[in-house]
Amino acid sequence: MMFLLDEAEQWIEANRSRAKSDKRLEGLTQINAFFENSTRTLLSFEIAGKRLGADVVNMHAAQSSVKKGETLIDTAMTLNAMRADVIVIRHMSSGAVRLIADKVDCPVLNAGDGSHEHPTQALLDALTIRRRRGSVAGQRVVICGDLLHSRVARSNILALTALAAEVRVCAPSTLMPAAIERMGVTPFTDFDTALDGADVVMMLRLQTERMSGGFVPSTREYHMRYGLTLDRLARAKPDALVMHPGPMNRGVEIDSNVADHASRSAITEQVEMGVAVRMACLDVLTRRARGVEGWA
Ligand code: CP
(Lines of atoms letter the chains of each structure in order from A and count residues from 1; the text may use other names and numbers.)
(Lines give C-alpha, C1' and ligand atoms only; values in the text may rest on other atoms or scores of the structure.)
Protein backbone atom coordinates (compact mmCIF):
# COMPACT_ATOMS: atom_id res chain seq x y z
CA MET A 1 0.00 0.00 0.00
CA MET A 2 2.87 2.40 0.85
CA PHE A 3 4.22 1.68 -2.62
CA LEU A 4 0.98 2.87 -4.26
CA LEU A 5 0.87 6.00 -2.07
CA ASP A 6 4.48 6.78 -3.04
CA GLU A 7 3.65 6.20 -6.72
CA ALA A 8 0.65 8.54 -6.43
CA GLU A 9 2.84 11.38 -5.08
CA GLN A 10 4.50 11.78 -8.50
CA TRP A 11 1.15 12.40 -10.21
CA ILE A 12 -0.15 15.18 -7.94
CA GLU A 13 1.83 17.94 -9.65
CA ALA A 14 1.19 16.49 -13.13
CA ASN A 15 -2.53 16.61 -12.44
CA ARG A 16 -2.38 20.15 -10.97
CA SER A 17 -0.63 21.41 -14.10
CA ARG A 18 -3.03 19.38 -16.30
CA ALA A 19 0.05 17.84 -17.93
CA LYS A 20 -0.58 15.24 -20.62
CA SER A 21 3.08 14.84 -21.56
CA ASP A 22 3.50 11.40 -19.99
CA LYS A 23 1.67 9.09 -22.39
CA ARG A 24 2.68 5.78 -20.83
CA LEU A 25 -0.80 4.28 -21.38
CA GLU A 26 -0.91 5.33 -25.07
CA GLY A 27 -2.45 2.58 -27.23
CA LEU A 28 -4.25 0.99 -24.27
CA THR A 29 -8.03 0.90 -23.96
CA GLN A 30 -9.55 1.59 -20.54
CA ILE A 31 -13.24 0.76 -20.09
CA ASN A 32 -15.05 2.32 -17.13
CA ALA A 33 -18.15 0.15 -16.61
CA PHE A 34 -20.36 1.86 -14.02
CA PHE A 35 -23.53 0.00 -13.03
CA GLU A 36 -24.21 2.49 -10.22
CA ASN A 37 -24.15 6.31 -10.12
CA SER A 38 -20.92 8.16 -9.51
CA THR A 39 -19.47 11.64 -9.89
CA ARG A 40 -16.03 11.60 -8.25
CA THR A 41 -14.89 8.06 -8.98
CA LEU A 42 -16.03 7.88 -12.60
CA LEU A 43 -14.67 11.30 -13.56
CA SER A 44 -11.37 10.85 -11.75
CA PHE A 45 -10.77 7.44 -13.37
CA GLU A 46 -11.58 9.03 -16.74
CA ILE A 47 -9.27 12.01 -16.16
CA ALA A 48 -6.54 9.72 -14.79
CA GLY A 49 -6.62 7.48 -17.86
CA LYS A 50 -6.67 10.44 -20.28
CA ARG A 51 -3.79 12.20 -18.49
CA LEU A 52 -1.73 9.03 -19.09
CA GLY A 53 -2.71 8.79 -22.76
CA ALA A 54 -5.15 5.84 -22.63
CA ASP A 55 -8.21 5.59 -24.86
CA VAL A 56 -10.96 5.86 -22.24
CA VAL A 57 -14.47 4.56 -22.89
CA ASN A 58 -17.31 4.90 -20.38
CA MET A 59 -20.12 2.36 -20.19
CA HIS A 60 -23.16 3.64 -18.28
CA ALA A 61 -25.38 0.71 -17.32
CA ALA A 62 -28.55 2.79 -17.72
CA GLN A 63 -27.82 3.20 -21.45
CA SER A 64 -26.48 -0.34 -22.00
CA SER A 65 -27.92 -3.77 -22.80
CA VAL A 66 -27.98 -4.48 -19.04
CA LYS A 67 -31.37 -2.74 -19.27
CA LYS A 68 -32.47 -5.43 -21.76
CA GLY A 69 -31.74 -8.22 -19.29
CA GLU A 70 -28.13 -9.07 -20.14
CA THR A 71 -26.36 -10.82 -17.27
CA LEU A 72 -23.28 -9.42 -15.57
CA ILE A 73 -21.15 -12.30 -16.86
CA ASP A 74 -22.32 -11.80 -20.46
CA THR A 75 -21.52 -8.10 -20.14
CA ALA A 76 -18.06 -8.98 -18.81
CA MET A 77 -17.41 -11.40 -21.68
CA THR A 78 -18.48 -8.67 -24.14
CA LEU A 79 -16.04 -6.14 -22.66
CA ASN A 80 -13.33 -8.81 -22.80
CA ALA A 81 -14.03 -9.57 -26.47
CA MET A 82 -13.51 -5.86 -27.24
CA ARG A 83 -9.90 -6.28 -26.03
CA ALA A 84 -9.97 -3.89 -23.12
CA ASP A 85 -6.54 -3.49 -21.51
CA VAL A 86 -7.94 -2.44 -18.14
CA ILE A 87 -11.53 -2.40 -16.83
CA VAL A 88 -12.79 -0.23 -13.99
CA ILE A 89 -16.03 -1.50 -12.42
CA ARG A 90 -18.58 -0.03 -10.05
CA HIS A 91 -21.50 -2.30 -9.18
CA MET A 92 -24.29 -2.33 -6.62
CA SER A 93 -23.65 -5.98 -5.66
CA SER A 94 -20.87 -6.96 -3.26
CA GLY A 95 -18.54 -9.39 -5.03
CA ALA A 96 -19.54 -8.36 -8.58
CA VAL A 97 -16.08 -6.95 -9.32
CA ARG A 98 -14.40 -10.21 -8.26
CA LEU A 99 -16.82 -12.14 -10.51
CA ILE A 100 -15.88 -10.02 -13.52
CA ALA A 101 -12.16 -10.16 -12.70
CA ASP A 102 -12.36 -13.97 -12.84
CA LYS A 103 -13.89 -13.84 -16.36
CA VAL A 104 -11.67 -11.37 -18.21
CA ASP A 105 -8.05 -11.38 -19.36
CA CYS A 106 -7.05 -7.87 -18.28
CA PRO A 107 -6.59 -6.12 -14.90
CA VAL A 108 -9.85 -5.06 -13.21
CA LEU A 109 -10.07 -2.17 -10.76
CA ASN A 110 -12.75 -2.04 -8.08
CA ALA A 111 -14.47 1.38 -8.14
CA GLY A 112 -16.90 0.29 -5.39
CA ASP A 113 -18.89 -2.95 -5.08
CA GLY A 114 -22.09 -2.87 -3.05
CA SER A 115 -21.39 -2.48 0.66
CA HIS A 116 -18.16 -4.47 0.32
CA GLU A 117 -15.13 -2.37 -0.69
CA HIS A 118 -13.99 0.89 -2.29
CA PRO A 119 -10.21 0.43 -2.28
CA THR A 120 -9.13 3.47 -4.31
CA GLN A 121 -11.18 5.69 -1.97
CA ALA A 122 -9.22 4.30 1.00
CA LEU A 123 -5.94 4.90 -0.83
CA LEU A 124 -6.81 8.53 -1.60
CA ASP A 125 -7.95 9.04 1.98
CA ALA A 126 -4.68 7.59 3.32
CA LEU A 127 -2.71 9.82 0.94
CA THR A 128 -4.67 12.89 2.09
CA ILE A 129 -4.02 12.07 5.75
CA ARG A 130 -0.32 11.37 5.14
CA ARG A 131 0.17 14.69 3.32
CA ARG A 132 -1.77 16.79 5.83
CA ARG A 133 -0.61 15.09 9.06
CA GLY A 134 2.87 13.90 8.02
CA SER A 135 2.04 10.24 8.65
CA VAL A 136 -0.92 7.89 9.02
CA ALA A 137 0.74 5.88 11.79
CA GLY A 138 -0.35 6.95 15.26
CA GLN A 139 -3.17 9.23 14.05
CA ARG A 140 -6.45 8.88 15.93
CA VAL A 141 -9.03 8.62 13.13
CA VAL A 142 -12.76 8.67 13.93
CA ILE A 143 -15.02 7.25 11.20
CA CYS A 144 -18.65 8.20 11.89
CA GLY A 145 -21.82 7.35 10.01
CA ASP A 146 -23.64 4.49 8.38
CA LEU A 147 -20.97 1.84 8.93
CA LEU A 148 -23.34 -1.02 8.20
CA HIS A 149 -23.75 -0.13 4.52
CA SER A 150 -20.45 1.63 3.87
CA ARG A 151 -17.83 0.17 1.53
CA VAL A 152 -15.76 3.31 2.20
CA ALA A 153 -15.68 2.50 5.93
CA ARG A 154 -14.61 -1.10 5.38
CA SER A 155 -11.80 -0.20 2.97
CA ASN A 156 -10.62 2.64 5.21
CA ILE A 157 -10.59 0.42 8.30
CA LEU A 158 -8.45 -2.14 6.44
CA ALA A 159 -6.08 0.52 5.05
CA LEU A 160 -5.74 2.73 8.11
CA THR A 161 -5.22 -0.10 10.60
CA ALA A 162 -2.61 -1.63 8.25
CA LEU A 163 -0.85 1.76 8.27
CA ALA A 164 -0.92 1.74 12.12
CA ALA A 165 -3.54 4.46 12.71
CA GLU A 166 -5.72 4.23 15.84
CA VAL A 167 -9.20 3.84 14.33
CA ARG A 168 -12.39 4.63 16.23
CA VAL A 169 -15.74 3.94 14.59
CA CYS A 170 -19.00 5.56 15.62
CA ALA A 171 -22.60 4.84 14.58
CA PRO A 172 -26.04 4.26 16.07
CA SER A 173 -26.24 0.63 17.22
CA THR A 174 -28.67 -0.08 14.33
CA LEU A 175 -25.98 0.95 11.80
CA MET A 176 -23.00 -0.69 13.53
CA PRO A 177 -21.82 -4.01 11.99
CA ALA A 178 -21.67 -6.93 14.44
CA ALA A 179 -18.26 -7.68 15.95
CA ILE A 180 -16.61 -4.73 14.17
CA GLU A 181 -13.96 -4.65 16.90
CA ARG A 182 -12.50 -7.79 15.28
CA MET A 183 -11.27 -5.46 12.52
CA GLY A 184 -8.96 -3.81 15.06
CA VAL A 185 -11.10 -0.73 15.71
CA THR A 186 -12.81 0.66 18.82
CA PRO A 187 -16.59 1.10 18.42
CA PHE A 188 -18.57 3.98 19.96
CA THR A 189 -22.25 4.88 19.84
CA ASP A 190 -21.72 8.29 21.48
CA PHE A 191 -20.15 10.67 18.94
CA ASP A 192 -18.99 13.24 21.53
CA THR A 193 -16.99 10.57 23.37
CA ALA A 194 -15.55 9.16 20.14
CA LEU A 195 -14.30 12.61 19.08
CA ASP A 196 -12.16 13.13 22.18
CA GLY A 197 -8.60 13.92 21.01
CA ALA A 198 -9.22 12.95 17.38
CA ASP A 199 -6.63 13.90 14.73
CA VAL A 200 -8.94 13.10 11.82
CA VAL A 201 -12.75 13.00 11.65
CA MET A 202 -14.14 11.13 8.64
CA MET A 203 -17.88 11.53 8.11
CA LEU A 204 -20.10 9.18 6.09
CA ARG A 205 -23.60 9.76 4.78
CA LEU A 206 -26.67 7.66 5.57
CA GLN A 207 -26.94 5.23 2.65
CA THR A 208 -30.73 5.19 2.53
CA GLU A 209 -30.63 3.48 -0.91
CA ARG A 210 -29.29 0.37 0.89
CA MET A 211 -31.77 0.45 3.79
CA SER A 212 -34.80 -1.11 2.11
CA GLY A 213 -36.81 -2.91 4.76
CA GLY A 214 -34.40 -1.87 7.52
CA PHE A 215 -34.44 0.90 10.10
CA VAL A 216 -34.11 4.40 8.58
CA PRO A 217 -33.28 7.08 11.16
CA SER A 218 -34.98 10.49 10.99
CA THR A 219 -32.49 12.97 9.53
CA ARG A 220 -33.31 15.57 12.23
CA GLU A 221 -32.62 13.19 15.08
CA TYR A 222 -29.56 11.80 13.29
CA HIS A 223 -28.09 15.30 12.93
CA MET A 224 -28.63 15.98 16.63
CA ARG A 225 -26.72 12.86 17.70
CA TYR A 226 -24.27 12.25 14.85
CA GLY A 227 -24.02 15.45 12.82
CA LEU A 228 -20.58 17.12 12.77
CA THR A 229 -21.09 20.72 13.91
CA LEU A 230 -18.39 23.28 14.78
CA ASP A 231 -19.27 22.88 18.49
CA ARG A 232 -18.84 19.14 18.27
CA LEU A 233 -15.60 19.42 16.30
CA ALA A 234 -14.14 21.34 19.27
CA ARG A 235 -13.93 18.00 21.11
CA ALA A 236 -11.31 16.82 18.61
CA LYS A 237 -7.75 18.21 18.53
CA PRO A 238 -7.59 21.94 17.65
CA ASP A 239 -6.05 21.14 14.26
CA ALA A 240 -8.10 18.00 13.54
CA LEU A 241 -8.76 17.31 9.88
CA VAL A 242 -12.32 16.90 8.57
CA MET A 243 -12.89 14.41 5.74
CA HIS A 244 -15.85 13.12 3.75
CA PRO A 245 -15.75 10.82 0.69
CA GLY A 246 -18.83 12.51 -0.81
CA PRO A 247 -21.52 12.84 -1.80
CA MET A 248 -22.37 14.92 1.30
CA ASN A 249 -25.78 15.53 2.78
CA ARG A 250 -25.24 18.98 4.28
CA GLY A 251 -27.21 19.57 7.47
CA VAL A 252 -27.51 15.83 8.11
CA GLU A 253 -24.09 14.22 8.82
CA ILE A 254 -22.10 17.45 8.39
CA ASP A 255 -22.79 21.18 8.68
CA SER A 256 -21.77 23.49 5.85
CA ASN A 257 -19.50 25.61 8.06
CA VAL A 258 -17.51 22.44 8.87
CA ALA A 259 -17.51 21.02 5.34
CA ASP A 260 -16.33 24.35 3.90
CA HIS A 261 -13.92 25.23 6.74
CA ALA A 262 -10.85 26.84 5.13
CA SER A 263 -8.17 25.19 7.28
CA ARG A 264 -9.84 22.09 8.73
CA SER A 265 -11.72 20.58 5.79
CA ALA A 266 -9.74 18.31 3.43
CA ILE A 267 -12.78 17.35 1.34
CA THR A 268 -11.76 18.97 -1.96
CA GLU A 269 -8.18 17.77 -1.40
CA GLN A 270 -9.53 14.21 -1.16
CA VAL A 271 -11.05 14.62 -4.61
CA GLU A 272 -7.75 15.94 -5.96
CA MET A 273 -5.81 13.02 -4.45
CA GLY A 274 -8.31 10.70 -6.14
CA VAL A 275 -6.95 11.55 -9.59
CA ALA A 276 -3.33 10.98 -8.51
CA VAL A 277 -4.14 7.67 -6.78
CA ARG A 278 -6.08 6.42 -9.80
CA MET A 279 -3.25 7.43 -12.16
CA ALA A 280 -0.89 5.37 -9.97
CA CYS A 281 -3.25 2.35 -9.95
CA LEU A 282 -3.75 2.44 -13.73
CA ASP A 283 -0.01 2.76 -14.31
CA VAL A 284 1.00 -0.03 -11.92
CA LEU A 285 -1.71 -2.47 -13.01
CA THR A 286 -0.85 -2.14 -16.71
CA ARG A 287 2.92 -2.49 -16.27
CA ARG A 288 2.90 -6.22 -17.06
CA ALA A 289 0.84 -5.68 -20.26
CA ARG A 290 3.20 -2.86 -21.27
CA GLY A 291 6.23 -5.10 -20.70
CA VAL A 292 7.76 -2.77 -18.12
CA GLU A 293 11.04 -4.24 -16.89
CA GLY A 294 10.59 -6.17 -13.65
CA TRP A 295 6.81 -6.51 -14.22
CA ALA A 296 6.60 -8.67 -17.34
N1 CP B 1 -16.64 8.84 -3.02
C2 CP B 1 -17.33 8.34 -4.07
O3 CP B 1 -17.25 7.16 -4.39
O4 CP B 1 -18.09 9.28 -4.73
P5 CP B 1 -18.92 8.98 -6.07
O6 CP B 1 -20.07 8.06 -5.68
O7 CP B 1 -19.39 10.32 -6.55
O8 CP B 1 -18.02 8.29 -7.04
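The backbone N, Cα and C atoms fix where each Cβ goes, and this holds for glycine too.
The record from TrEMBL ties ARG40, THR41, HIS118, GLN121, GLY246, PRO247 to carbamoyl phosphate, and of the options ARG16, ARG83, ARG90, ARG220 it ties ARG90 to that site too. Within 8 Å of the centroid defined by the CB atoms of ARG40, THR41, ARG90, HIS118, GLN121, GLY246, PRO247, the record's carbamoyl phosphate site, lie the Cβ atoms of SER38, THR39, ALA111, GLY112, VAL152, PRO245, GLY274, excluding the listed residues themselves. In this structure, THR41 are the binding-site residues from THR41, LYS68, ARG90, ARG151, ARG205 whose C-beta falls under 6 Å of some atom of ligand 1. Listed in sequence order, the binding-site residues from LYS68, ARG151, ARG205 having a Cα within 10 Å of the Cα of PRO247 (carbamoyl phosphate binding site) are ARG205. With all protein chains in the displayed structure included, the most crowded Cβ environment within 10 Å among the binding-site residues ARG40, ARG90 is that of ARG90. If you take the Cα of HIS118 (carbamoyl phosphate binding site) and the Cα of LYS68 (L-aspartate binding site), they are about 28 angstrom apart, rounded to a whole number. Checking Cα-Cα distances from ARG205 (L-aspartate binding site) against the binding-site residues (ARG40, THR41, ARG90, GLN121, GLY246) with a 10 Å cut-off leaves GLY246, in sequence order.
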